[in-house]
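Visitor: Checked TrEMBL, it gives:
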type: COMPBIAS; residues: 1-16; note: compositional bias 'Basic and acidic residues'
type: DOMAIN; residues: 23-143; note: domain 'C2'
type: DOMAIN; residues: 184-305; note: domain 'C2'
type: DOMAIN; residues: 346-472; note: domain 'C2'
type: REGION; residues: 1-25; note: region 'Disordered'
type: TRANSMEM; residues: 572-589; note: transmembrane segment
type: TRANSMEM; residues: 601-634; note: transmembrane segment
type: TRANSMEM; residues: 716-746; note: transmembrane segment
Amino acid sequence: MQRPHPPEDFSLKETSPHLGGGGLTGDKLTSTYDLVEQMQYLYVRVVKAKDLPAKDVTGSCDPFVEVKLGNYKGTTRHFEKKSNPEWNQVFAFSKDRIQASIVEVLVKDKDFVKDDIMGRVWFDLNEVPKRVPPDSPLAPQWYRLEDRKGDKVKGELMLAVWMGTQADEAFPEAWHSDAAAVSGDGLANFRSKVYLSPKLWYLRVNVIEAQDLQPSDKGRYPEVYVKALLGNQALRTRVSQSRNTNPLWNEDLMFVAAEPFEEHLVLSVEDRVGPNKDEVLGKCVIPLHSVERRLDYKSVNTRWFNLEKHIIVDGEKKKDTRFASRIHLRICLDGGYHVLDESTHYSSDLRPTAKQLWKQSIGVLELGILTANGLLPMKTKDGRGTTDAYCVAKYGQKWIRTRTIIDSSTPKWNEQYTWEVYDPCTVITIGVFDNCHLHGGDKSGGAKDSRIGKVRIRLSTLETDRVYTHSYPLLVLHPSGVKKMGEVQLAVRFTCSSLLNMMHIYSQPLLPKMHYLHPLSVTQLDNLRYQAHQIVSMRLSRAEPPLRKEVVEYMLDVDSHMWSMRRSRANFFRIMGVLSGLIAVARWFDQICVWKNPLTTILIHILFIILVLYPELILPTIFLYLFLIGVWYFRWRPRNPPHMDTRLSHADNVHPDELDEEFDTFPTSRPSDIVRMRYDRLRSVAGRIQTVVGDLATQGERLQSLLSWRDPRATALFVTFCLIAAVVLYVTPFRVVSLLAGFYVLRHPRFRHRLPSVPLNFFRRLPARTDSML
């Protein structure tokens, strides 16, 4: 049995890496990539060749270029029978691995037996110029080809050779010596990329009515409803209450649509003629690019659409144009909402869809993805464990993916990315994955990229203009329990352009106004979020190279809404943690009331008398007390960004069966006896929750029954007490009443009874509605 990791293994560690090329201040080198360690590369850009000599009997050549540096060799694609080929390919060789003093560029002729060398160009590495962004790219030049002896031969090659860093714009597209073992098919899956998730809209379809429907059976009242389809989203109205050929609905249907609009909205009016038997009375197809867009809740004009009906004539489907059934609709793309595609707890963007409603950005978020340490082997290759790790980061619509580092448990990425920030109360998510698509692209037998772990950083927890360099534990919950998969080292900086604008954001609603003025129901939002997940993962998996469905779903926390005993327990203890402060204050006050520490109780008496005699000091005293507490806690403020907490998640001591339940499919795939046991356990937990909710409802109903005359005697007593209290309080100064009440509450234990007080006894005897429940 594997021994559990000690808790300190799961902690966040502060690091001090060499950022910006070792912190060379004043050097241009630090101007672009100052959050990561500078990595030196030799770049060779092979542009084209001209006047290449004919090498075979046909009087032509099949040229390609080979770039050699020590043991590393990169080749371009070859052209058949072409003496003036254009390649425009870039090769990058890591300086750390350079073992030779010259780089050789060979032009070869592709041959079945042995490739012929047509000529070469070589460079001494000591003579290669350095390029430092933001300087312009180095211009390629023509070089005459030489043979092995150094004599000029026919043909010229256009090249550019320079030393640069990973900040070079050629870096993402380059062939890397690090990936020399990766085949041509898998090379696209190796490179770093930036992706944009599609712009999402809420499509609102208000189905009002239909006219002149023609059901096939005239002798019955039609049961008509409308079915709406948008891509793989399908919604339907209820059956119209008006059982005639002019049905009325006036019902809203909501969809998620993504730009560019590839699918059309298809509406079909159907008649339920029998159980599981529906007759289509007419259809209409509406292209979304013709639909009106609105920014607020101003009414959109309604439109009538003709319903087309298809009939079979001689085995062919034709439109029936003998009638003119119509449907009355109000359709719009609602740009005033933010389309939720992430869990609301970890949102990275809260802006409305319509760009006209966006506020000015308040700052910039910079992320340096440095290295990872101690990554566990994720797959087996040639009989040994290996990991091909890459990172994905998501903030707003921009997703980034680093290059894959082949076969390394300590990969060094040193890539830096930037995002505009519109709201500090947002979260950036960074995930680490194992690439399973490097050999043969998508032909890996349906293999999925494995999760290594992820990190979430809330921007509002970061101080502005400070560089945070930490090593974050990569924690993943497996069916066997929580497991540390390694650590990822990040550098994060949040730069604020205007402190005033950022402070103003804290006074604004979290979501756009439409969410509050015309809110969507919780069920609606859940369904729409599911559709948004599907659209985003489908669009990004169609990119080149694809950002795969399993990666997108893990980054968006698609399964966070699923039931989990562990999460429920963790949330219960979170609530208890929040209430513990109130409970502690109540206990402290109880100790004062029972004179546990007489000196403290006497001081509270003095403070109480001062506040009653000078009531204008009450509020200042409260706020001064809160100020002093805040200042006192400043010394214990968090110094590090938040990270995954196994103790808070109750992942370090979870029961194996509860873990198995959490990883079960939906619907369940477990045997019936296990499902029955889990169902009984869920019933017992739900029963306790039901009891607590019922107790809260009971207290509220007792309060209502004070004046509702459900218990006429109790209400009569309370009403009489209220009248007497009104008269007494009217003639007695408020300060005297307050002093008497305070002294009564703080009275000495010898004047107290162990039995509950009269008001509490009275309240507990009041009726609730529990006796009316089945």
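A Cβ is built for glycine as well, from the same backbone N, Cα and C atoms used for every other residue.
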Visitor: Reported in the order helix, strand, coil, what are the DSSP residue counts of the domain 'C2' (346-472)?
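Guide: Helix, strand, coil within the domain 'C2' (346-472): 7 helix, 62 strand, 58 coil.
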Visitor: Taking residues 6+ outside the transmembrane segment (716-746), which of them lie with a CB under 8 Å of any CB in it?
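Guide: For the transmembrane segment (716-746), the list is 592-593, 601, 604-605, 608-609, 612-613, 615, 706-707, 762.
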Visitor: If we skip the immediate neighbours and take only residues 6+ beyond the ends of the transmembrane segment (601-634), which ones have a Cβ under 8 Å from one of its Cβ atoms?
Guide: 592-593, 595, 735, 738-739, 742-743, 746
Visitor: Summarise the model confidence on the domain 'C2' (184-305) as a single mean pLDDT, whole number.
Guide: 88
Visitor: In the domain 'C2' (23-143), how many residues does DSSP call helix, how many strand, and how many coil?
Guide: 10 helix, 52 strand, 59 coil
Visitor: Of the residues in the domain 'C2' (184-305), how many are helix, strand and coil by DSSP?
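Guide: Counting residues per DSSP class in the domain 'C2' (184-305), I get 6 helix, 65 strand, 51 coil.
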